[in-house]
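Here's what TrEMBL has on this protein:
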{"type": "ACT_SITE", "residues": "His74", "note": "active site"}
{"type": "ACT_SITE", "residues": "Glu132", "note": "active site"}
{"type": "ACT_SITE", "residues": "His136", "note": "active site"}
{"type": "TRANSMEM", "residues": "6-24", "note": "transmembrane segment"}
Amino acid sequence: MASLSAQIPLCLALMMAACLMIGINGSIDGAQREFDYFALSLQWPGTICHKTRHCCSSNACCRGSNSPTEFTIHGLWPDYNDGTWPSCCYRSQFDVKEISTLLDALEKYWPSLYCGKSSTCFSGKGLFWAHEVDIHGTCSSPVIRDEYSYFITTLNVYFKYNVTKILNEAGYVPSNSERYPLGGIVSAIENSFRATPEVICSKEAVEEIRLCFFKDFKPRNCLASKTSCPKYVSLPAYVSMGKFL
């Protein structure tokens with residue numbers, strides 16, 4: 001049996017090895033810990049498209065009469081209750097063929113509203129969808145485990161919790177002249193989904209609305225205690241610059 005003096009260096013070495021294996025978030029091998037809830041982030045195209053300065057084939061703002069006129073999907077994001085979030089949880093290779101049956105729906109309800117390619121975790125620049133699944137989809141386990149599941153799940157949640165419909169029925173419709181009470185918009189969503197959303201603004205214009213969900217996709221309150229929005233906000237209507245040729 002080794003002496004006590006010989007055992008001490010061995011114990012210290014084992015402790016140091018264990019520390020190296022544990023990431024700063026307390027998970028083994030540096031893996032990011034499991035998320036706490038989902039946030040479905042929705043973009044208001046009227047606000048974002050007003051910033052368009054030139055058109056390109058990838059920008060849905062440039063589709064003429066087919067440009068989006070309802071909230072579109074930004075992404076489904078796994079988040080932590082402390083206000084942080086995991087990202088790029090494992091190396092993946094986006095394959096558009098995996099979601100070929102969803103492309104029509106994705107082009108309509110989850111389009112890019114910008115020109116240029118989006119950054120991905122491991123493979124440089126790519127499609128907007130590749131950006132979302134790389135950064136967020138890879139961290140959605142054990143609820144969502146693959147590329148197809150990430151997109152079909154997000155679409156289903158988007159259709160079930162139709163923010164555009166709820167706001168339109170409450171009288172909050174696109175307008176370049178009207179200003180609406182922020183509290184009224186929040187209340188309309190709360191009354192329908194029994195949960196408080198997060199509203200993001202660009203100056204006085206609504207830019208994003210985020211709905212939050214438990215892991216079983218039942219609505220829960222979002223965490224944001226502050227807002228970037230004034231008391232009265234707009235939902236700008238957008239007139240397309242014309243179809244990209």
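Using the three backbone atoms N, Cα and C, a Cβ is placed for every residue, glycine included.
TrEMBL: automatically predicted annotations, no manual curation.
Within the set of active-site residues (His74, His136), the lowest number of other Cβ atoms found within 10 Å of a Cβ is recorded at His74. Sequence-distant contacts of Glu132 (active site), defined as residues of its own chain at least six apart whose C-beta falls under 8 angstroms from its C-beta, comprise His74, Gly75, Leu76, Tyr150.
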